[in-house]
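Student: Sending over a structure as structure tokens; questions will come in a sec.
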Amino acid sequence: LNVCYKWHRTIRICERHLRANDREFNLSFKYANNAIKTSKYNIFTFLPLNLFEQFQRLANAYFVFLLILQLIPAISSLSWFTTVVPLLLVLCITLAKDGTDDINRHKNDRQVNNRRVDVLIDGQLKSEKWMNVQVGDIIKLENNQFVTVRTLTLLYTSSDPVLSHSFSLSLSLSLSLSLSETNLKVKQALTVTGDLGDNIDTLAAFDGEVHCEAPNNRLDKFTGTLTVQGETYALDNERILLRGCTLRNTEWCFGLVLFGGPDTKLMQNSGKSVFKRTSIDHLMNVLVLFIFGLLACMCTTLAIGNGIWEHQQGTSFTAFLPRQDGANAAFSGFLSFWSYVIILNTVVPISLYVSVEILRLGNSYFIDWDRKMYHTKTDTPAQARTTTLNEELGQIKYIFSDKTGTLTQNIMTFNRCSINGKSYGEEKVDFSWNSLADTKFCFHDHALVEAVKQGSSEVHAFFRLLALCHTVMPEEKTEGQLFYQAQSPDEGALVTAARNFGFVFRTRTPETISVVEMGINITYELLAVLDFNNVRKRMSVIVRSPDGRLTLYCKGADTIIYERLHPSCSKVMEVTTEHLNEYAGEGLRTLALAYKDLDEAEFEQWRERHHEASTALEDREEKLDAIYEEIEKDLMLIGATAVEDKLQDGVPQTIEQLAQADIKIWVLTGDKQETAENIGYSCNMLREEMTEVFIIAADTAEGVKEELSRFRGQKSQVVLDEESNGEYGLVINGHSLAYGLQKDFQLELLRTACMCQTVICCRVTPLQKAQVVELVKKYKKAVTLAIGDGANDVSMIKAAHIGVGISGQEGMQAVLSSDFSFAQFRYLQRLLLVHGHWSYLRMCKFLCYFFYKNFSFTFVHFWYGFFCGFSAQTVYDEWFITMYNLVYTALPIIGLSLFDQDVNDRWSMQYPQLYAPGQKNQYFNKMTFVKILLHSCYSSLILFFIPYAAMQDTVRDDGKDIADYQSFAFVALSAMNHFFLWGSLSVFFAITFTMYSNGMYLIFTSSFPFIGTARNSLNQPNVWLTIFLTTLLCVLPVVALRFLLIQLRPTINDKVDQNTQTHIQRPSFVYLLSSYYASLQFCTNLTLFLPTPAFPLLCFISTILNSSPVLSFFSSFTFSSLFSHPLLHSSLPSCLLSTPLISLFLLSPFPSSPFSSFFLFSLLLSTLFIFPPLLFSFFSHALSSP
């Protein structure tokens, strides 16, 4: 039987049919057993399957293609290991990570599958493993025990009332639970199964049949029927226990297994979630494609050059380089193209994605370890639930926030009420007269107590409704000590209020509710419960009093209740509306209360229709809603309640800080407009000094259009941040928003909202929250963040670029759907302004450095092609090519990207303006990439031609030749390596001397033929001078540009840097040092225009003395700035270069040549300028405190 259900989309599913205690019958349908499997691999499939997944990545597949090319002798000029070693390292790192994760999943699976549960088999209760439980089995659960499967509950419980509590709890992290809630849920057994008792023989003889929906991931809905002895009973979510929940307040219960293992809702929700990618990820994908195009262009250029060279010059070399038969210039160019694809492969960033994941993982740990985001009261740390979105935290432009439980504490207190047109709640009340009162409850109005004591029928009806219309569960451990377990704080507050005023809710069963009314025990027959949901926004119960009177009690949102009132309530409604507006203006949450006396005959007819609708397997929800509408009309208004939900600590300050960072905050709440406005003013989102606060409250499409047109006149298809002549706020209700989200009004609504600093949407549904987020994502080029604490915020959290969950009173569904979580809203400013800012800055520096070093390295090969007849000869030694990315340039940039801070966390919080560059994507974009490309091109020219010119026709001091090919290559690669990696200097020299040693030559003669090259080159001063000049010429343009930009067009970081320097108190003698440097700086700047041999060094020193980032680096002594990227802090590498060079040259023998004398003079001059700043910075750091 195919039944069509409408959920998020329409799909066709098949009905499930099963019979209790009949395994043979149930096995015929081949339902899944209860074993779960969350692991991806086993011992046989791990290696092939994981490698298959890895080779689906473009970079990995490309390097396999290169390896195949290298196996072709005609085109390969590099050994196979130059490709295999980097590829193997990347593959092994990923294999280790995936293998570790899968081993943990296997452990969790075994732990879950081997848990024990009592199962009724062959008339006996037997202890079985979870994985052996079958659909249709009857199982026994005990208090505090996990639900092993999704079961039909309850056949019977140990409690006299056929009720139990289900306390949802996370079963295992590996299962990606979507059911983790911290509040109790009421679960009820059908009366017909409750009669079975705990008799094993009776349970074994039970043969009820269930028809229900097929497996799905809807946690809040269940549709099914139970047929027992020809009678059909409705099954809904209140009769079902979900796998992963825990039994509470019930000693034991029996249940029937409906779904097992992968068919349970828990496992249906543990599938792959939507993978969120950052804007930098999308940009990197585009850039990698561009790099492939650049590689193709370079190889084509060199191949054409090879063809031309072979045609014009190649015949001159055939005597000692004979050509193969049939080979010509065109064929040689074709082979040269593929050879250069191999040689220039370093331009393709094979290790980029692995390195990025390492950085993101490290920065995620910093969030987890941040003690300033740890909430001591609830023992809740901050948690980065995903490691792929860290840098996106530094680019947020729009924040969408829930109100209740997110901005507020979600701890409700009953403050005011309106009963039959009279408002109460002015003076504090003494409840000592009530022995069952809650000592923590506080109310301010003696008149209400007197009205209760005098027996006012309206007041009694008011509190009777509060005591009957709810889903609260009572727990009385000792006589008179009542504890209420409520699904929502609102219900708990209202039932507690009724209790204190003499209407004490004591016990409940599926069919009765017992209340102590002014000391008298009264039991009401519970005939129907009309559930609350986000669409109905109301709840009703139908009860029969001991005197036989039928009454419907209803509570809900005032707008919903007012639509269903009897016309005779118009006067009371007007007065109550005034009271509601007054309460909402004070920031209180309000509900309206109403009742209706029912006719017995009319109710019986309605009850039959209700039974038919509740047992329908198709469109059950729609049919029940229609049935509810029939009876929830012509209600009589009793009054209204108002409960207070206080703001969390630090919310106004947090919102103010985020506003200073130019982050726009939109609040999406289900509260009344007046309540939302009051909270807006309390949170500093709305301010009296604002130019205007727009209110959109029209109930028609034309009205909404007219109000939007009044605020906005022009139209455009691109929605930008509108320039306005003041600060504006926007408040819009749910009805108007529904029209505003229509296609014709979307752009107009968004343009109006973009003019405003704050937007508050009230009376909105969860679906509308997600639609608002999607609207901004669709038309704005901005990063969005959604933050909430409840299940009604999940759709909004999933829709935004980044979702943040608050672990509060509403359970854990928001947290489990989020990317980041913590306990209080105030931690959001630290997450964004500190961790987000740092993560974005670090990622941008890493990418700039990574692309720069790879381009500079690869372009040297390109230039060398013009000097080797385009023969695909390599400049560098093969082992250097292999280890360049793996060893020489790997750890320093990772260290930078993990620990770098432009300013510390205190300054990041004090200057929210530092957040602006991330919103504008200033640190890494396409233009930055082009600059890196041009800078790399310039650097590669210097790195190639300076050593080439210096080594050409050069001899050693002893007259021996130094200008061999490998010595030139060594100088070029040394200059590059020193330029990038002074932090890895020891590693470089250790590996270099090992590769060119006698031992390596004797052991691996063919792989290490260049014996003694390092010794031959490094003992010559002109080699060191060449390295130094090459490095200096590479750095000099960027240093000068950085210096000019700081002076002429400082960034926000430069300005904050200067401001932070003014806050540092220095002793008087330190100012004397500053004066010395001021005069030295003047002399240095003067000599910049003189034709002196020391010009490059003087220019470099002048930049150091004028550049605040350099002095900041030396005064902070952070490891992070040590390898700062030249495009961002370009003066640092040059500063770090001088001191090690001085030490190296003082240890070397200096020949008596004019060239060497000049070099010695330059080094001494460099020492004169460098040593005092270091000394000054040391004392400045040691003797000052920020």
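A Cβ is built for glycine as well, from the same backbone N, Cα and C atoms used for every other residue.
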Student: In TrEMBL, one of 34-54, 580-600, 1126-1146 is tagged transmembrane segment. Which stretch would that be?
Tutor: 1126-1146
Student: Short question: most Cβ pairs under 8 Å with the transmembrane segment (78-96), which of 55-72, 286-309, 329-354, 846-867, 879-899?
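Tutor: Going through each listed stretch, the top one turns out to be 55-72.
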Student: Using Cβ atoms only, which residues of the same chain lie under 8 Å from Arg589 (ATP binding site) while being at least 6 residues apart in sequence?
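Tutor: Long-range Cβ contacts: Thr404, Met412, Asp490, Ala642, Val643, Glu644, Asp645, Asp671, Thr675.
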Student: Counting a contact as 3 or more Cβ pairs under 8 Å, with residues at least 6 apart in sequence, do the transmembrane segment (879-899) and the transmembrane segment (286-309) touch?
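Tutor: These two stretches do not touch.
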Student: Six or more residues out from either end of the transmembrane segment (55-72), which same-chain residues have a Cβ under 8 Å from its Cβ atoms?
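Tutor: For the transmembrane segment (55-72), the sequence-distant neighbours (Cβ-Cβ under 8 Å, at least 6 residues beyond its ends) are 78-80, 82-84, 86-87, 90-91, 288, 292, 338, 341-342, 345, 348-350, 352-353.
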Student: Hey, of Asp402, Phe532, Arg763, which of those binding-site residues are within 10 Å of Asp789 (Mg(2+) binding site), Cα to Cα?
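Tutor: Final answer, ordered: Asp402.
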Student: Give the nonlocal contacts of the transmembrane segment (846-867) in its own chain as ranges (CB under 8 Å, at least six residues past its ends).
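Tutor: Distant contacts of the transmembrane segment (846-867): 280, 284, 287, 298, 302, 305, 340, 343-344, 346-347, 349, 352, 355-356, 359, 873-876, 884-885, 889, 893-894, 896-897, 923-924, 928-929, 932-933, 935-937, 939-941, 943-945, 948, 972, 976, 980, 1123, 1125-1128.
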Student: Give me the mean pLDDT over the domain 'P-type ATPase N-terminal' (19-84), rounded to a whole number.
Tutor: 82
Student: Would you list, in sequence order, the binding-site residues among Asp402, Phe532, Gly670, Arg763 whose CA lies within 10 Å of the CA of Asp793 (Mg(2+) binding site)?
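Tutor: Cα within 10 Å of Asp793 (Mg(2+) binding site): Asp402.
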Student: If I restrict to non-local contacts, at least six residues apart, and a C-beta distance under 8 angstroms, what lies near Arg763 (ATP binding site) in its own chain?
Tutor: Ala557, Thr559, Gly670, Asp671, Lys672, Gln673, Asn733, Gly734, His735
